[in-house]
Structure formats: C-alpha cells, structure tokens
C-alpha cells in the first residue's frame, strides 16, 4: 500500500537517501516527520490510522483508492466487547492434594486420588473379600465371579470381561503389532509381551522366589515355579480327576484319553497289585521268619 511505501521511506537504512512517495505532492514533508497524509498534511503515529484517514479524506486520488483497496469490514459487536487476544477462562481447581500438590475441580475426584497415597481400599468384593480403591475396579472384578463378558468381538464372537482385552484381541485379526523392540526390531501385539522380550536382551530377572532365591523374567514363570514348593496342583483332568501343576501337563494328559486303546491294551487283564518279592524289600525291612520245628523226641520203649 502507498502508506506502507511511505513509511518504508521514513525507516530506511542510515546513509541511504530516502525514496519519496510517488503519490505525494512535491511539498509533502511526510518523509521527515513520519506517517502523514499527503493531501491534508495530518500526521499519524500508526500506519493503520493513516490508511483509515486516507480512505475518508475528501480528495484522495483514484489511484490511491485502488492501491488501498476496499475498507475492512466492521467487527461484530460481540468481538468489540472482548479483545481478540483474551485468553480462555482458566478452569477452577479448588481442591488441592496436600501430598503431591495435584489439584482437582471436584471433591469426589480428590477423594479418589487420596487413596493412591493412603492405599485405602473401601470397595470390597462380597464373594471373595478382595478390596479395591475405586468402585469401577470392583465392578470389573465381580465379572470374574459372575462370568459376565459384555464385550464381544464382531469378527469371531469371542467375548471378554474387560474393554481393553477386546482391543488387544482384535490385533489377532488385524495382525497389528504396534510394540517394537528397540534392540532387534521384533514386533509384538501386546505391550506386556514386549516387556518380557526386552529382558532377554537386558538379562533382567525381577521376579525372585522367596523360598529358594531363583529369579525369573516373567511373573507367570515364578507362579508356576512356586508350585514346586507348595505342591499345589490346580489343573485337574475332567475324565479321571488326576491333577497337575501346569496347564500344559493336563493338556498333554488329556490326549491319552482321546486316543483309542490299542489291541494289546484291550486284551490285557485289569491291573492288579502285585506283592513285592522279599528280595526287593529294603534292607531295613524285617524279613519274614518261619517257626522252628519241635525237637525230635524218641518214643519210649
């Protein structure tokens, strides 16, 4: 715009003669005294004020009108009431935590947060007695007892008790593996699988047995190991009732029931308990003894 060109002449580099505005008359002193109107001589401190004046000046030449263009639209009344640079009102958070300084907008939110510091667990399960800090965690736990699975997969129909579980399951259909190992680049569908894998590179074994001190990379491995100390056998065969320490063992055992019996097994008589020969008894076991015959007495003659 002409006013911009005029102002540029006023703020030129020192030592370089200023360029006179081609739209101003020869006797215009605007180059020496700032942003001034070349028609009436009125000076302005800001360019915007000069441009607005030039549009309203009684006799600006037609070329100046074309250079300046149409006047900007008037702002909306609501925009005039509030300056455009005003920041949005801050959200009030009157409830502050005395332990960590975190603030909350509602009292129930800070009450729930304080349980992370006090470890208070006010919501208890009526079935097993396990307690939780939040009511939503208790509701999620109760589904273990009721068997409720409200989240169903739209692809295969498999249902889950927790929403995050179905999100994890959907990756088995999509093939998505968003968790990558930074060391070898191997990708995993679950974050927990990546964490277990990374310990192969780091050698970390954070799960140690309290009985023997043996350490493991995964939490489920130490649970399985602890049964060697406790003797617990939680996996039972539905066909014969035999119990096992590991799930893979009962699955392997079930295949013995699925196989049809061989001809030799069909002809073999039912198993009976056989007495152990005395020669195989331990040395400390008492050996069977027989009564000695009575002494020989000759007949009387």
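Yeah, the Cβs are placed from backbone N, Cα and C, and that goes for glycine too.
Annotation comment: TrEMBL describes 67-90 (among others) as region 'Disordered'.
According to TrEMBL, the feature compositional bias 'Low complexity' maps to 77-90 (among others).
Counting residues 6+ beyond its ends, the domain 'C2H2-type' (95-122) has Cβ neighbours under 8 Å at 131-134 in the same chain. Look at TrEMBL and you will find 95-122 (among others) tagged as domain 'C2H2-type'.
Summarising the annotation, TrEMBL assigns domain 'C2H2-type' to 123-150 (among others). Confidence for the domain 'C2H2-type' (123-150), expressed as mean pLDDT, is 89.
Among residues of the same chain six or more beyond the domain 'C2H2-type' (151-178), those with a C-beta under 8 A of the stretch's C-beta atoms are 140, 143-144, 187-190. Sequence annotations record features per position, and here TrEMBL assigns domain 'C2H2-type' to 151-178 (among others).
The annotation domain 'C2H2-type' is assigned in TrEMBL to 179-206 (among others).
Sequence annotations record features per position, and here TrEMBL assigns domain 'C2H2-type' to 207-234 (among others). When Cβ-Cβ distances below 8 Å are used as the criterion, the domain 'C2H2-type' (207-234) is approached by residues 196, 199-200, 243-246 of the same chain, each at least six residues removed from its ends.
With a cut-off of 8 Å between Cβ atoms, the residues of this chain six or more beyond the domain 'C2H2-type' (235-262) that come close are 224, 227-228. Marked as domain 'C2H2-type' by TrEMBL: 235-262 (among others).
As annotated by TrEMBL, region 'Disordered' applies to 248-301 (among others).
Residues or ranges marked as compositional bias 'Low complexity' in TrEMBL: 259-269 (among others).
Annotated compositional bias 'Pro residues' per TrEMBL: 291-301, in sequence order.
Taken through DSSP, the domain 'C2H2-type' (151-178) splits into 11 helix, 4 strand, 13 coil. When the domain 'C2H2-type' (95-122) is classified with DSSP, helix, strand and coil residues number 12 helix, 4 strand, 12 coil.
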